[in-house]
Amino acid sequence: MESEKVVPTERELGKFDLNDPEVVALIHHAEASDAADRKLTFREALKKYRRAVFWAMILSTSLIMEGYDIVMISSFYGQTQFKERFGVPDPATGELLITPEWQSGISNSALVGQLAGLVVNAFAQDRFGARMTMMAFMVWMAIAIFIPVFAPNLSVFAFGEAMCGISWGVFQTLSTSYASEVVPTILRPYVTAYVCMCWGAGILLSSGVVRAVASIEGEMGWRLPFILQWVWPVPLFLVGYFAPESPWNSVRRGNIDEARKNLGRLVQESPDQEREVAATLAYIQYTTAMEKAETENATFLDCFRGTNLRRTEINCVVWAAQILCGNAILGYSVVFLQAAGFSETKSFDVNISLSACYIVGGIICWFMFPHVGRATIYMGGLTFMFFCLIAIGGLAWAEGDKASTAIGVLLVISTLCNMITIGPVCYPIVAETPSGPLRYKTITIGRFVYNLTGLVTNSITPRMLSPIAWNWGAKAGLFYAGTNLLCNIWCWFRLPETKDRTFGEIDLLFENKVPARKFKYTKVDQFAHQNAEIHKLGLEKAESAEEVEVAK
């Protein structure tokens, strides 16, 4: 495919006074920093920025709590102890069940809390930075855990989930945006995909805990998993206290000294550290200045104006497709497996296998990043899951243990595919596509749509699976095969390829309205125009000096 070339627009150039020697020096330093980071191999980048990778990964650990609780709750809908405490009898069989209405209500309570947390974080992280925001909501989390642990009924239990959800909503966008900003381009997909692996680690941990407490009689069978959540807030509060702030965040808040100090903590010590920090800081200042030319004093409304509308659309659909790809079934895997014919114990055992896919899949995805583009991996995963869902839905008309086993195997394969492709790749896409000043807000809007999508699927999926409601069983796979196909069609026309692109290059590609299918092949030189203007001004000054000499 023939490639095109884009350069900064006149509006973006208007932020720079090219007659100012300091501005010219800033541009040259920024260009040098960009060129130096482009030459780094994965090993070199990991060695140079290993401190940044450490902090990005350890702050992402906060998402283990969300993954732990969300899937633990859905597992409780099939747990005997929880059903004995809060269930109602099935009129047909007399078996105690958590009604579909309460399943939706409890799961959606957590999502409503997350929606509130997302909005809070969009303002808090912009104003106070990642560190202070994380510490504040770790304290909130430690207090909120008391409510579900001592809940006397499902109403209080749902309220407690909503209060915990506020913290999870904060951590969802905070961890992704922080990880994307503290490392260079070549390392960005790895640390952002690790965010998804942390979520998966929480799921795996909760699956193991729920299986382990299956033999505990009485209310401790469901209370103990909640009590274990108090392990996290104190150490993660200390992580937030000692972590360096994102230098991009510091520059956007106008605190250049703080940015310089934190860059020194993120880059490995070396004889050239001071020069490297100065060059990286120059690049951040340069890119931020260009972004502010387009989005200065930005608000949430600016996410829906001009080229930012396209960026917001990408964030929203990529987030929503995380659920609509078929992941909605996986969130109710225990109930789904029991509806497909598995016993309670066997469904918990298979659920552990499903949860392990989140870790194994994420590691496999890491090996794909250097060789395959984000959009290719994402659409490939959607396609594979589509056929798995068709097969699962078709097996609903078969009977016997063999059919149930086949459904379980396909569900494990589908989950592994999801976590090799769609799950982890979502995070670098949503971190890279927004503009800098609107990054937190755009990711917040996208995650908001994700949670709204979850509200809808949490309302209909339990009804699909429940024997006292629609009773679709494995046929629910056909419904989500349809939503999966719609998402894949959108991706073909609208999802751009951002592999190996810097934030500055991505800004220019969107500003020049490059079509999604051409992102991969378009050449970008974000310094070309400025260098040409600097060269031109230099020549004009030289000619002016010669005229003065002649006049004398």
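Glycine too: its Cβ is placed from the backbone N, Cα and C atoms.
Feature annotations, courtesy of TrEMBL:
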- 52-77: transmembrane segment (TRANSMEM)
- 55-499: domain 'Major facilitator superfamily (MFS) profile' (DOMAIN)
- 106-124: transmembrane segment (TRANSMEM)
- 136-159: transmembrane segment (TRANSMEM)
- 191-214: transmembrane segment (TRANSMEM)
- 317-338: transmembrane segment (TRANSMEM)
- 350-369: transmembrane segment (TRANSMEM)
- 375-397: transmembrane segment (TRANSMEM)
- 409-430: transmembrane segment (TRANSMEM)
- 472-493: transmembrane segment (TRANSMEM)
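The transmembrane segment (52-77) makes contact with the transmembrane segment (191-214), as judged by at least three Cβ pairs under 8 Å among residues 6 or more apart in sequence. Residues 318, 321, 325-326, 329, 340, 365, 368, 403, 406-407, 410-411, 413-414, 417-418, 420-422, 425-426, 429, 472-481, 484-485, 487-488, 491-492, 495-497, 516 of the same chain sit 6 or more residues outside the transmembrane segment (375-397) yet have a Cβ under 8 Å from a Cβ within it. Here the transmembrane segment (191-214) lies next to the transmembrane segment (409-430) in space: the count of CB pairs under 8 Å, restricted to residues six or more apart, reaches at least 3. Residues 62, 65, 86, 102, 105-106, 109, 117, 124, 166-167, 170-171, 223, 226-227, 229-230, 232-234, 236-237, 240 of the same chain, all 6+ positions outside the transmembrane segment (136-159), place their C-beta atoms under 8 angstroms from a C-beta of that stretch. Residues 67, 71, 75, 189-190, 193-194, 196-197, 199-201, 203-204, 206-208, 210-211, 330, 333-334, 337, 342, 377, 408, 411-412, 415-421, 423-425, 499 of the same chain, all 6+ positions outside the transmembrane segment (350-369), place their C-beta atoms under 8 angstroms from a C-beta of that stretch. Within the model, the domain 'Major facilitator superfamily (MFS) profile' (55-499) carries an average pLDDT of 84.
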